[in-house]
Protein chains: 2
Amino acid sequence: MTVKNAFYAQSGGVTAVINASAAGVIEAARQHPDKIGKVYAGRNGIIGALTEDLIDTSEESAEDIAALRHTPSGAFGSCRYKLKSLEANRTQYERLIEVFKAHDIGYFFYNGGGDSADTCLKVSQLAETMGYPIQAIHVPKTVDNDLPITDCSPGFGSVAKYVATSIREAGFDVDSMSATSTKVFILEVMGRHAGWITAACGLAAEGEGQPPHILLFPEIDFDQPAFLARVKECVEQYGYCVIGVSEGIKNADGTFLSESGLTDAFGHAQLGGVAPTIAKLVKDELGYKYHWAVADYLQRAARHIASKVDVEQAYALGQAAVRIALEGKNAIMPAIRRLEDQPYRWDIIEAPLKDVANVEKFMPREFITEDGFHITEACRRYLSPLIQGEDVPPFKNGMPDYVRLKKISVGRKLDSFHV
Amino acid sequence: MTVKNAFYAQSGGVTAVINASAAGVIEAARQHPDKIGKVYAGRNGIIGALTEDLIDTSEESAEDIAALRHTPSGAFGSCRYKLKSLEANRTQYERLIEVFKAHDIGYFFYNGGGDSADTCLKVSQLAETMGYPIQAIHVPKTVDNDLPITDCSPGFGSVAKYVATSIREAGFDVDSMSATSTKVFILEVMGRHAGWITAACGLAAEGEGQPPHILLFPEIDFDQPAFLARVKECVEQYGYCVIGVSEGIKNADGTFLSESGLTDAFGHAQLGGVAPTIAKLVKDELGYKYHWAVADYLQRAARHIASKVDVEQAYALGQAAVRIALEGKNAIMPAIRRLEDQPYRWDIIEAPLKDVANVEKFMPREFITEDGFHITEACRRYLSPLIQGEDVPPFKNGMPDYVRLKKISVGRKLDSFHV
């Protein structure tokens, strides 16, 4: 087997553990110097490949690569960029091959979600369509947990742990204040199309009356009268009401609530944020004092409260990607297979990329209670294992000590290319 | 010395460590059965005293009281309620004495901020003004860090650690995304009048160019052109810009930015949240893609990332309050005195309540850089010790395991009283 270099890049919204996958790929590759030369990371995802903007990861110390395991975000830069089809933009593919040839790249590892799986699939076809020998392996990642086949997507478990912890903590707070002050608290979480993160908020409620009391899923049309009735019921029964809401909840007509002008007589678009929209609705219709929070990037970057299971899976999938490539395979995504719920046992299987690209996995209806406002026991059985265990990063000066890599560029050999 | 019961209550906005002070008070009291009988906690602060709604803490196990040390929120319920002056509402004071007499209460421990210190001071004067022997000791607490005399206020250090950690994590995230997506990120934090929490965000930046790049303090009038120029400069120099903003920033005319109608031609009040207002301004004037987060209650309830120093001080101040009371003193607040910055050394002194009540401590101007957009080295030296050390709570089922007390009511002996 000849020695070839590898390309690795990060794509789409970053997570608390995508760098753990990077560590998995790079550390595994370093163990096979007879087969894999250097790992070149694309600066800002596939754009780094197109523009020949490569980072030489061999310049990073073993210690710094290991520290990626506890560092959130995408250390090499990510991108929101989807390759067009070969028919639509052949030039891009020719350019990729040019860059791969110039840097002797035979392995392509792409770390991302559904869109990125599509990019990886297209690259995997270069062998067939353009005669360039490459093995393209997709490393799964997405906080939205919407990738098919795999039991879960790395990044999700840590967001789930963050939102469950945060809404529990805020719930204790509101409970304290509710007698004379705030009665309703709303936490807005990510997940524009799939309600997995919203569902994870529900884990915080482990007994009757515990917050959150209401969850609003993107899969369930927003029913304003039913929602308001439920809020009132909670405040009357428990003294307060804690709500977890997906940024993507929709009215029955399919419009996003955050854009529905619900609260503005002039129909102005809101500044963003469904939480304030819901808060105002509650105030206007029921008169309760409210507070709201929008976690936004905090939730997906919160490495300080990452799920140990999530970190382990992210790392293991990075390592598996290298193993699969070294076995000569192409167009594969290593995926998590659940063997048992409790105790959670899992292994890694190989999913064909064609079955992954552009497929979204939504919450099954049976994971949502009949009234649409909470999660079922089946959902808990699924979610609970994914937030287990803590993996506290090292702290320095009272804050998590995350690594910033040197990111030394590989010398350019080609003319520039405009993306 | 005769045995008297003690009253303890929590007041104002709760924190991640106010229950640690409660544990300090109750555990210290339990060590002196010869002097202190039972500790009765007011349900929902002073309102519990007025309405004779008392919780018998002796019904709680030693284990559960110890668990208060790692449980955020106010376990006995808090309130936003300020006693009027004796002249304005003599009935209230007569009622307090009636309740104290009925339950043989000789010690009054009130755990709160500036307003609560005022309440505690008024109660301390009952001996003098109404002839009822009581010792009133105030246990400091406030995330706003705006109490005078004390080096810091319990609750602040943990919020500071939370916001510094969160904005660092979000900063790593934005850095990854900025090449093709989000360029500006805004985190809104608490502190309507004092910029201490905003300042704490600044701790995350430990080197040139590190986020946050801009802080907006309530102490500094918002200068829109200067702000926009600085955002542009950051994006051009670093590729992105991370901003920490106080909920209380004001225009030069003294109006709150969150209510200024800055972004709405019809002058409608915003739904709340200065972060979206700033975000829209950046988008409209500079065209950058943005994300924003509002931490709200998450920041002050985040016991999972509490500062160890903060927890220790909160507990120690609770214990000190009991010691001071047993020394026969009245109208005192135990306060933190800083002996050394590095390593941080502190002890507890006794502050007269009359010097504490209704006095707010603002950020000194020399803690803010000349341009008004960041913190100085002097500020770092002050803040850094307060976020040191981790005090991770126990976890169960992947989430922090916080205690819910039994909260058994003491039998009522008096007629009801309307607050």
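Here the Cβ of each residue, glycine as well, is placed from N, Cα and C on the backbone.
Per TrEMBL, the candidate among B:Glu94, B:Glu247, B:Glu350 that belongs to the substrate site alongside B:Thr142, B:Val143, B:Asp144, B:Met190, B:Gly191, B:Arg192, B:Tyr297, B:Leu298, B:Gln299, B:Arg300 is B:Glu247.
Ranking the recorded positions B:Gly13, B:Asp115, B:Lys141 by Cα distance from B:Gly191 (substrate binding site) puts B:Gly13 first.
For B:Asp144 (substrate binding site), the same-chain residues lying six or more positions away in sequence with a CB closer than 8 A to its CB are B:Gly113, B:Ser153, B:Phe156, B:Met190, B:Gly191, B:Arg192, B:His193, B:Ala194, B:Trp196, B:Ile197. Max Cα-Cα distance over the annotated substrate binders (B:Thr142, B:Val143, B:Asp144, B:Met190, B:Gly191, B:Arg192, B:Glu247, B:Tyr297, B:Leu298, B:Gln299, B:Arg300) is 16 Å. Each of the binding-site residues B:Gly13, B:Gly191 was assessed for Cβ neighbours inside 10 Å, and the highest tally belongs to B:Gly191. According to DSSP, B:Asp144 (substrate binding site) sits in a coil region rather than a helix or strand.
Among the binding-site residues B:Gly13, B:Thr142, B:Leu298, B:Arg300, the ones whose Cβ sits under 8 Å from a Cβ of chain A are, in sequence order, B:Gly13, B:Leu298, B:Arg300. Annotation for B:Asp115 (site 'Important for catalytic activity and substrate specificity'): spatial neighbours B:Ser11, B:Gly12, B:Lys82, B:Asn358, criterion Cβ-Cβ under 8 Å with sequence separation of six or more.
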